[in-house]
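Below: one structure, written as structure tokens.
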Amino acid sequence: MEGFLCDRLLDAAQPIAERFRALFSLRNLRGDAPRRALLQAARDSSNLLAHEAAFALGQMQDAEAIPALEAVLKDLSLHPIVRHEAAEALGAIGLEKSISLLEESLAVDPAVEVQETCELAIRRIEEQKNTSGVESATVSPFLSVDPALPAKQGLPVEQLRELLLNEQESMYERYAALFALRNDSGDAAVSAIVAALGVKSALLRHEVAYVLGQLQNKAASDALSTVLKNVDEHPMVRHEAAEALGSIADQESIALLEEFAKDPEPIVSQSCEVALSMLEYERSGKAFEFLFPQTPQVQQES
């Protein structure tokens, strides 16, 4: 199984959705082969696939991947969306030894979204160190390793909204407010999150779209559609909007994904293609990930 999945992930002749199927399957595995394949994919010519591979390594919290992720972060020839995801992955893994490189990239990386991610990752590592074991080990209700711990429980939605939308507030505090609002998930919280699609930071806007995808709330469809349609928006934000629309999956969202699967920006068109493929598997009652019997005959598949 491992060999088949690694080969499928790295086979550039495969449709992008097939490669994503392999990627999503590999992130549930551990060991040298899955790690090597994901790290190789993090330098793929598809920036969408490359950034998703780096994201997966962060979600897996695989400390063995740190040196290669640091090399990705330092490589300015790679797309900012890939460097950003490498920085976020280092923050998710959460080891103090990554702080010095994150500080270096914060100072020298030319892309604002990468700088902001480094700032977040440094703060996340520090917060993890200073937080009680019980609090830092709290699992997200959405089973994701988030770039910031949620703001402390008990803050009213209106206060969290103000924090999230405050352009003078630190990026970490705004992210913390975002995840607290996500965990609340009520109508007022969703309204606050949708409002944040208009903030100045492309990094924060992309995380807002990601969170709306986690929530799968149809109240966000119109705002996400506007983001996807905006060709002047940062590709990483449009990409997350496309994925979020795929998770909401109403008829209008599906029609829009079909339209923008032809977008000239590959990060956007491939996101739509993957989202539509996932929906197709869901409709047919099949898992998007590859599922094998206990003893798969993977050598026979290609």
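Note: Cβ is positioned from N, Cα and C throughout, glycine not excepted.
Residues annotated as Fe cation 1 binding site in Swiss-Prot: His51, Glu52, His84, Glu85. Summarising the annotation, Swiss-Prot assigns Fe cation 2 binding site to His206, Glu207, His239, Glu240. The annotation repeat 'HEAT-like PBS-type 1' is assigned in Swiss-Prot to 49-75. Sequence annotations record features per position, and here Swiss-Prot assigns repeat 'HEAT-like PBS-type 2' to 82-108. Here Swiss-Prot flags 171-200 as repeat 'HEAT-like PBS-type 3'. Look at Swiss-Prot and you will find 204-230 tagged as repeat 'HEAT-like PBS-type 4'. Marked as repeat 'HEAT-like PBS-type 5' by Swiss-Prot: 237-263.
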Per the Cβ under 8 Å criterion, with at least 6 residues separating them from its ends, the repeat 'HEAT-like PBS-type 5' (237-263) contacts 48, 81, 202, 205-207, 209-210, 212-214, 216-218, 220-221, 224-225, 227-231, 269, 271-276, 278-279, 282
Counted with DSSP (H/G/I as helix, E/B as strand, rest coil), the repeat 'HEAT-like PBS-type 5' (237-263) has 22 helix, 0 strand, 5 coil
Counted with DSSP (H/G/I as helix, E/B as strand, rest coil), the repeat 'HEAT-like PBS-type 2' (82-108) has 25 helix, 0 strand, 2 coil
Across the repeat 'HEAT-like PBS-type 3' (171-200), DSSP yields 26 helix, 0 strand, 4 coil
Between the C-alpha atoms of His239 (Fe cation 2 binding site) and His51 (Fe cation 1 binding site), the distance in angstrom, to the nearest integer, is 11
His51 (Fe cation 1 binding site) falls, by three-state DSSP, under helix
In chain order, residues whose C-beta lies under 8 angstroms from the C-beta of His51 (Fe cation 1 binding site), counting only those at least six residues away in the same chain, are Ala42, His79, Ile81, Val82, His84, Glu85, Met236
Same-chain residues at least 6 apart in sequence with Cβ under 8 Å of the Cβ of Glu52 (Fe cation 1 binding site), in sequence order, are Phe20, Leu23, Glu85
